[in-house]
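Asker: Taken from TrEMBL, the feature transmembrane segment covers 21-40, 52-77, 89-110, 122-142, 154-178.
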Amino acid sequence: MAGQPLIALPGRHRRRLAPTTRAAVVSVAWLAVVVIAPRVTLSPEIRAGALFVHLISMLIGFGAVLFVDWSGILFLAGRHSFGDVLRTAESALTPTWIGFTGLLASGALLNPEVTYLTTVKLLAVLVVGLNGIYAGTVADRLTRHRGHRPPTALLVQAGLATTLSQLAWWTAVIIGFLNSQT
């Protein structure tokens, strides 16, 4: 039947938590990682497994973010419709948060050396999570304008959220790479 999904996914009609509640959950989870990670000691084999999960989670989460941002660039270039961008963002929501959650969970097991760069990376990860919640609220408001151009102020908010997202993700990725070289 046209317009009906082939597979009914569970939870599609669940009510989402308020943004402030989501921000509190992200902040508490992040703080738990910051407190737990330096105290964890694992065998080299288990640490390697945690690092693998960390890298896969980064690939999933950041890859989804890059895909949405690429769709936004194509919209600005006139090659995608606004609806295309919204559909891409909606499709990428779950992998983005799965990746972020995997990063937190695996990061808690990596026992990083506490340095200035590691602290900056951890703060960048917090920004990724909190900005992701903000970007979600902006996306919800953008969805109300499906079919026509949203107000410029709302597009500016989306652009700022996207820019902050890219800065925070790339900061975490680059510092993670640099830390892996020492």
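Cβ atoms here come from the backbone N, Cα and C positions, even for glycine.
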Asker: Can you find at least 3 Cβ pairs under 8 Å between the transmembrane segment (89-110) and the transmembrane segment (21-40), where each pair is 6 or more residues apart in sequence?
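Answerer: They are in contact.
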Asker: What stretch, picked from 21-40, 122-142, 154-178, has the most CB pairs under 8 A with the transmembrane segment (52-77)?
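Answerer: Stretch with maximum Cβ contacts: 154-178.
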